[in-house]
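Pasting a structure below so you can have a look.
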Amino acid sequence: MKSKAAYLTPYFLWIALFVIAPMALILYQSFFSITGHFTFANYEEYLSSSVYLKMTFNSIWYALIITVLALAISYPTAYLINQLKNKQLWLLLIILPTWINLLLKTYAFIGLFSQNGSVNDFLRFVGLGSHQILFTDASFIFVATYIEIPFMILPIFNSLDELNPSLINASRDLGASNWQTFRRVIVPLTMPGVKAGFQAVFIPSLSLFMITRLIGGNRVITLGTAIEEHFLVTQNWGMGSTIGIILILAMFVVMFLTRDRKNRGGQIR
Amino acid sequence: MKKKFHLSNLYLILVFAVLYLPILYLIFYSFNAGKTMDKFTGFSWQHYLTLFADTRMISIVINTVIIAVLSALIATLIGTFGALGIQQLRKRSLRNCILSLNNVLMVSPDVIIGASFLIFFTFLGIKLGFGSVLLSHIAFSIPIVVLMVLPKIDEMSQVMIDAAYDLGATKWQALTRVVLPAITPGIFAGYFMAFTYSLDDFAVTFFVTGNGFSTLSVEIYSRARQGIDLEVNALSTLMFVVSLLLVGGYYALTRYNESKKIHRARAAEEEISQ
Amino acid sequence: MKKLMIILAGILALCLVLFGINYEINLKSGSDTKKTLTIYNWGDYIDPSLITKFEHETGYHVDYETFDSNEAMLTKIKQGGTSYDLTVPSDYTVQRMRRQHLVDKLDKSKLPGLRNIDSRFMNLTFDPHNDYSVPYFWGTLGIVYNDKFVKRSQVEHWKQLWNPQFKNDIMLTDSARDMMAVALITLGYSVNSTNYHHLQQASQKLDQLAPNTKAVVADEIKMYMEQNEAPIAVTYSGEAAEMMSQNSHLHYVVPSEGSNMWFDNWVIPKTAKHKKAAYMFLNFMLEPKNAAQNAEYIGYSTPNKAAMKYLPSNVRNDKEFYPDNSTVAHLQVYRDLPLKVIGHYNDLFLEFKMFKK
């Protein structure tokens, strides 16, 4: 018991200093108006303003689309990579693009999607004519999904990699078709990975900001954009913190919905 | 069967092509004789020459790499032990509560994290610079490590650990001989994610840096007001090539070791049979 | 386990090597000397060769840190923990820093170079006696158009932006103050209005611009315009100058009915530790030749009158970037408004951005 306490100390110290303390600070600040008076007005404004409620709805909606798309693309990718010969190498190659600065990649996308960009050049070449690609919902969702895919592939790949092949063989021996094996054996056993991926993608997607402006042309406004603005432009840290608290609450809800229900670890003991 | 194989390969090729498309685009324009990323006017090395002459930039790159490598390492250590601790919690509600706290930093927008860390550091009187940036990067990388390692621990069979104890292993032996090897892939994944987060972070670093210390992201974002220089493209190309070489090298090395192991095992087998 | 330990050792060794290299680089550039000057400026907002020149002339080492917005810079200076010797706030930020006692009063006897500054740009409302700030660059807010799609006569006035023929054609700058200013000027009000009804009217006016708005962006606006993404943009003169140097089809207009005039200024924060060096640097930058070299490198308009003669004549005589007195008379400088009013400006602008959908 003692040794357990020793190696857990840094982790709990971290929770206390870098999670609970900042959270307390944000909560404290959310009760102050822009002029520095104690008030509940920030919460009242948030809950009564159609602008903020619409923004919240938008954020959740876009984050959901992005997460579902990322999952739809990542699961088969992770599954296929897991069957390749040098799978660890291929996995590294999936992570590698994330090491290039995000702003720079976004600028590259602007170059690709602009009126005279490569994509439009291609469309004209094929005879489809040029289109407005930038500043549309589609381009925003595309780029956001692009950014999040590696964060989804990794946990799914890990859970697939861990999968005991004898279980699959057993399923086949028992006469299950490929599809049945996939649906009844592989999918349930990789659920922890899918949940981890869902958390790693959905939660940050709620507070995307920079690409909402660069690719979305501020046609998509998320909670992250609003917080950014309140902290850096209006200097209304109270309102910014209030939205931050809302985001943290949303995260708790997501965590609750994707929690581990099977109680596996406890049963064995 | 053969047709299916082709289809799945095509899918993978497509995914990789999209993932690498913007990067190839950046690399292509790093050789542009012109100054912008929209028209290619001719081949030139000039942006690379500018980069090599820019000692400030080189120093910033080294800072960035040190911070990323070191913060990811410490975050992985703390996060892995944290995940081991969480797994041992018997109460579901407590476990879920700690996991939620764990994720707070992942959901909080960078600006909030940065601003609150800044207040926190100045309150404690920590000098802004290398130390404060390192601490913050460790802090925001820990949750992702926990998220990557925890599923691995959950999947690890408790029977194995119990068997180790039954065979007389100490706690330390059980940890190093049984648990850690089993969760190594998760630890690696956590390390790489932590490394990635650190390299990419702009907002948090911006707030907590000071006294002449800067990282690549802060420099790139600050330069955006004047338009991004192709020097940065050249730099990214070099970093990309280096990481590609590292990945390739690491992979070749592990392959070589493995084949040596197999070789040795065979030799040993032969010796025994003789 | 052994594998993990080897990797651990490898990472630590790598860090050590990198530390060594970095130390070597810093040694060469001389940052270990005690004589340092820490400058906190916008990214890429000075000719780096001038910094080298200053280091050679004075023996000081310059630590150069960067920020990307006034407010972000303000937050860092207010919080403390760092000691910058010089920084470059814009006009209204100078006023705010003054009010919050974050800047040092200048000793003008130590700034002989101050007389080089054009008297038109001294003693402005944000710092009436230039007791705290030295003008660095200045400019205007205006309209950039692409002559492939639009004629000059179509965009000479703010109200023409509302013309239905420009549907989905205009790029706006993501700044509440500037876009509200466009609406306020069009309605004939002051850009510093705090009148609730005026603001309400301006907000409605701005909402009507939504159909013509293609996107609301920031620094990227340059890149978009250079690539012919949109025919019209509302942006600052400095940005415009850079776009025009890349794309010859672009032109800049300052509407004659009035616009905003902005200034970026040097100030010495209260927390500065090397004030002597800061004054040396200010005088160095005020020297006409250096100011001219810097203006040519950055492409913004310099307020340094003595530097004008060192600028190429086509730059010096450019009416859009160095407008004559009659135009300047119509330009308004932003004042720092009460926080509550700024909050109101921002809420209205946020509404506008949401309105577009």
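Note: Cβ is positioned from N, Cα and C throughout, glycine not excepted.
Note that the coordinates shown come from a computational prediction; the quantities given were computed from them, not determined experimentally.
Pasting the relevant annotations from TrEMBL:
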TRANSMEM  B:12-31  transmembrane segment
TRANSMEM  B:57-84  transmembrane segment
DOMAIN    B:61-250  domain 'ABC transmembrane type-1'
TRANSMEM  B:104-124  transmembrane segment
TRANSMEM  B:130-150  transmembrane segment
TRANSMEM  B:178-197  transmembrane segment
TRANSMEM  B:234-253  transmembrane segment
Do any residues of this chain, six or more beyond the ends of the transmembrane segment (B:234-253), have a C-beta under 8 angstroms from a C-beta of it, and if so which?
23, 26-27, 30, 47-48, 50-51, 57, 61, 216
Taking the transmembrane segment (B:57-84) as the reference, which of B:12-31, B:104-124, B:130-150, B:178-197 gives the largest number of Cβ pairs under 8 angstroms?
B:130-150
Mind checking which residues reach the transmembrane segment (B:130-150)? Cβ under 8 Å, same chain, six or more beyond either end.
63, 67-68, 70-72, 74-76, 78-80, 82-83, 86-87, 99, 102-106, 113-114, 117, 121, 183, 186-187, 189-191, 193-194, 197-198, 201, 204-205, 208-210, 213, 215
Against which stretches of its own chain does the transmembrane segment (B:178-197) lie, if we need a Cβ under 8 Å and a gap of at least six residues from its ends?
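Apart from its flanks, the transmembrane segment (B:178-197) reaches 68-69, 71-73, 75-76, 79-80, 84, 137, 140-142, 144-153, 156, 160-161, 164, 169.
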